[in-house]
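Novice: My questions will all concern the structure given below.
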């Protein structure tokens, strides 16, 4: 309806004329009586705002609690499911009776029936209490006690990681290896000078990437194993970058010093090239020459671990509810779900109810690093636990809770959240997504992993990209290497919220699917400048745009008219350029700007016009401004957004 009288609107909304007039006044729409006419924007505003207000006042508000399916919506609206399905089809959404639909779509459908959908607020006191229990307690200074360091050994294949761990444990596990890959994942404990050190046997990158991707930090110190006769290799560089990204202290073990071709100084030079300057070269990185085969330098290495641990002041409170991280977990045919956990605070005891991710249960048994059953495990202790309801994920936090019931409630709640998340479409971590997040200010750095066929390309691109950095946007190449894009690259990128750029290389089998699973964008190029252009485009989009005012025309006010019901109208003569109906205006009097605003109307004679050219007369009125005088100058302008360049 283009024009509608007040009494007609009152009938439509089922309220009295007087009540409608009062409500219109609240919306700054002034009408005199029931025969007053509303049209255009005023009419639309009145119907929209009053419709919403009245729906709430009349109780037409539906609360949605939990899963929202077509069946649930039909029941809430007191309509048949088939009618709701047809309604959704008209809206462009295909859904079956038991299919879950988005709240936004359901709200639009409900609005057509005169109802408003809202999400029910939970007043579940028990749920709030459970959440409070899950909060990690703040430790008091007097409760903190020194704890053993947790160490991960990293390095290139065949540089002697397992041999070094074997030498440290003084037990032979290499005979149980297959294809040079560590088969069992767990932990080892050694004592030196009365102090305990915990070694995680998990593959080095796992301790940093998958854990960090879930917000867990389990490693205190990383030992980087480099063969004295081989030097820095691609996986060594990966290990260095993983440790740097995690912010973990690094100790270098220069292994195989007993071999004829050993050259520790060459290794130190290559370390310096990677930004790791060793102590005897004036740096801060500890480097220890060792021979895992002859068990030389092992004690010195362990003493250095204790020294770094002392400098790090590693402490924890053993007298509170146990909390820690799941290192890895599996489903054992005979024992059910089995998880290796690292206790990081408190003391875990057999019989304690715990929650680990979406799993829960009472600890039925605990096995320590030596394969013996234990009843308690304090801070920096890794144990295998039995009794969980299902297999948790590596990197999940576990927390001890007061009762079994609370454990089940928390796990059930988390499972529901996981199900809800799975229903949402997962957005890939692409340049476009990064650009969007950056524009919102949620990302300050653009992290990149570079892989190429030759080292020269890696260095060239790294330097080119880092030159794009400015005070608003920082490009960080967190890893660059030669060779195909590997699963390790994907894990590093996922943990660091990075994208992967490849030059003349492709992902190895399995890496692409892992990239999709971890929502990592892998971009491959054959021309370097194209990659630089893409990154530059993403960064340029991050910069806040600049706005400039572009003057379109000027007019002089020559006459003033007072028109009843309209207000003050300026009779103008356009002296320069054009005056547009949708432009902004400045009123200038004696070279001083007295008002900035918008045009309420632009007319030629009695007709509304979109523009008036120079040399023509016109009538203007201004939004919420009437204090104009003859001789005032009207400057018309438009505001343009100017894209900034790097």
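Numbers run from 1 along the shown chain.
Here the Cβ of each residue, glycine as well, is placed from N, Cα and C on the backbone.
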Novice: Check each of the ranges 147-154, 155-162, 163-170, 171-178 against Swiss-Prot and return the one annotated as region 'G1'.
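Specialist: Of 147-154, 155-162, 163-170, 171-178, Swiss-Prot gives region 'G1' for 155-162.
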Novice: Which range, 189-192, 193-196, 197-200, 201-204, does Swiss-Prot list as region 'G3'?
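Specialist: My reading of Swiss-Prot: the region 'G3' range is 201-204.
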Novice: Of the ranges 140-144, 180-184, 205-209, which one does Swiss-Prot list as region 'G2'?
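Specialist: That would be 180-184, the stretch labelled region 'G2' in Swiss-Prot.
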Novice: Of the ranges 251-254, 255-258, 259-262, which one does Swiss-Prot flag as region 'G4'?
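Specialist: Per Swiss-Prot, the stretch marked region 'G4' is 255-258.
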Novice: Among the binding-site residues listed here (155, 158, 161, 257), identify the one with the smallest other-Cβ count within 10 Å.
Specialist: 158
Novice: Over the span of the region 'G3' (201-204), how high is the average pLDDT in this prediction?
Specialist: 57
Novice: By DSSP, what is the split of the region 'G1' (155-162) into helix, strand and coil residues?
Specialist: 2 helix, 1 strand, 5 coil
